[in-house]
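As annotated by Swiss-Prot, active site applies to D125, D143, with the evidence given as sequence analysis. Residues annotated as transmembrane segment in Swiss-Prot: 13-33, 72-92, 104-124, 134-154.
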Amino acid sequence: MKQKYSKKSKKWIYITTIIFILILDISSKHLIIKYIKTYDTKKIFSVLNFFHVHNHGAAFSFLSDQNGWQKWFLSTVSILTILVMTRIITKLKKQETKKITAYSLIIAGATGNLIDRIFYGFVVDFIDIHINDWHFATFNIADCSIFIGIIILMRINYST
């Protein structure tokens, strides 16, 4: 009985995290598509714009200049990532909530960007952080989720 409870608790943590991030990611991208034309910018703060772009590649537009094969390649990588991370979560102990949360964030981000690739053929990016004329790569909430998940895992793995 105790093991079933542990598995249910573990599932609850990661399912809730994934759903929450997916809702944020999908709804934010929907609002960007609806209210900001592609390549238009809306200033939010002095260092933050919403800049609507379509990324046909991966992080930092890697592979975006290819002729379309990257959509299938990156979708396959996303699916494999989701499956591997889900398997890892099922093997973790209930007490390893930081790891469960980190893997859940990565799954959520990979799923959010996979949904874009399947439905649009590209990933919708819009968060533009800048200082004067210097702009960091444009990204989205799914990318933030992946990044935060990786940082958490690095802290866990390198702090012991």
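Just so you know, glycine gets a Cβ as well, placed from its N, Cα and C.
Sequence-distant neighbours of D125 (active site): residues of the same chain at least 6 apart with a C-beta under 8 Å from its C-beta are F51, V53, H54, N55, T138, F139, N140, D143. D125 (active site) falls within a strand segment according to DSSP.
Using a 10 Å Cβ-Cβ cutoff, D143 (active site) registers 21 neighbours.
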